[in-house]
Amino acid sequence: MKSITQASFMKGIMFTFTIAIISYILAKFPILHTIGALAIAIIFAMIYRQVIGYPEHIRPGITFASKRLLKFAIILYGLKLNMGDILGKGWKLLLIDIIVIIFSISLTLLLNQIIKGNKDISILLGIGTGVCGAAAIAATAPILKSKEKDIAISVGIIALVGTIFALIYTAIEAIFNIPTITYGAWTGISLHEIAQVVLAAGIGGSEAMTFALLGKLGRVFLLIPLSIVLILYMRYKSHSSQVQQKIDIPYFLIGFIIMACINTFVPIPSLLMNIINVITTLCMLMAMVALGLNIVLKEVISKALKPFIVICITSICLSGVTLLVTSIMFK
């Protein structure tokens with residue numbers, strides 16, 4: 001019995017790994033590059049689920065990928081942060097980042113209440129829009145006790161909307177020729193994923209890219225205090241309800257902070273950093289495959305339409321406000 005469980009576990013790991021590798025390779029192609037590997041992995045898994053069904057015989061490995069590997073990827077994600085640069089060079093952007101996060105979450109929840117959409121998905125989308133896309137959703141979902149299906153739907157929506165906006169940004173820059181620093185800062189503080197920021201900021205040159213990454217990584221840095229606020233909120237909510245729930249500080253958040261400190265104070269060779277980045281990406285992709293397998297297309301259609309509309313409106317408002325702010329601050 002134990003050998004059967006181990007075999008199921010390994011087959012599940014290999015299954016998610018195989019689709020992750022395929023998604024990683026496909027994302028290197030010109031057109032698919034704009035979609036991103038995370039979205040490709042989820043779409044691939046969704047199609048598999050609709051056509052073939054959920055592979056029950058390898059569930060243990062798939063469950064491991066959706067839970068453990070996802071948290072491991074978040075821990076490694078902390079190595080992208082250099083707190084010295086963010087607090088030193090990018091303090092102006094950090095102040096804007098705080099406003100961006102509050103604005104995104106508040107507006108998303110307000111709009112969702114107006115159109116009576118799915119609150120669980122909308123709060124994940126608000127966090128993903130305000131902070132750092134899929135990574136923020138993955139990091140805060142365990143704190144919020146989110147369902148795996150809601151996580152997968154949220155990541156898919158964020159990937160789609162963020163990619164569309166990144167392409168729109170490049171078109172706007174090409175047409176209106178926004179000043180380099182303003183454009184870089186704008187992309188960094190308003191686009192959803194790091195990959196989307198890099199895609200959009202690339203057209204502005206190296207100076208635009210520097211400010212874009214400072215703005216974006218400032219939002220990643222703010223994932224730490226935001227997570228603490230969410231933990232306190234969930235504890236308060238638990239104490240206020242009749243059913244008491246234990247809300248612990250997630251170990252992966254502690255790991256994320258430790259990794260950020262290591263990258264800030266310990267020089268890491270570029271070759272090693274590149275290897276870690278690939279491992280982080282593959283772990284995240286394997287987790288997205290596992291989450292995508294939980295999605296039933298009918299549920300996506302019924303649950304995702306209103307949150308999709310909400311996040312599009314939020315993203316449009318966020319883009320407009322942040323462009324105005326960066327134009328004033330970085331003349």
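Each residue, glycine too, has its Cβ placed from N, Cα and C.
Since the structure is predicted, the reported quantities are computational estimates derived from the model, not experimental observations.
Swiss-Prot lists 7-26, 31-48, 69-88, 93-115, 122-144, 154-176, 183-205, 249-271, 275-297, 308-330 with the feature transmembrane segment, giving sequence analysis as the kind of evidence.
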Revision key, fill the gap. Among 93-115, 122-144, 183-205, 249-271, 308-330, the stretch with the most Cβ pairs under 8 Å to the transmembrane segment (154-176) is 183-205
Revision key, fill the gap. Contact count check, CB pairs under 8 angstroms to the transmembrane segment (183-205), set 7-26, 31-48, 122-144, 275-297, 308-330; argmax is 308-330
Review point. Taking residues 6+ outside the transmembrane segment (31-48), which of them lie with a CB under 8 Å of any CB in it?
Key: 19-20, 22-24, 134, 152, 155-156, 159-160, 163, 166-167, 193, 195-196, 199, 281, 284-285, 288-293, 295, 297, 300
Check your understanding: Under a criterion of three or more Cβ pairs within a distance under 8 Å and sequence separation of at least 6, are the transmembrane segment (69-88) and the transmembrane segment (275-297) in contact?
Key -> yes
**Study point:** Which of 7-26, 93-115, 122-144, 308-330 contacts the transmembrane segment (275-297) most, counting Cβ pairs under 8 Å
**Key:** 7-26
Check your understanding: At least three Cβ pairs under 8 Å linking the transmembrane segment (93-115) and the transmembrane segment (308-330), pairs spaced 6 or more in sequence?
Key -> yes
Revision key, fill the gap. For the transmembrane segment (122-144), the candidate among 7-26, 249-271, 308-330 having the most Cβ pairs under 8 Å is 308-330
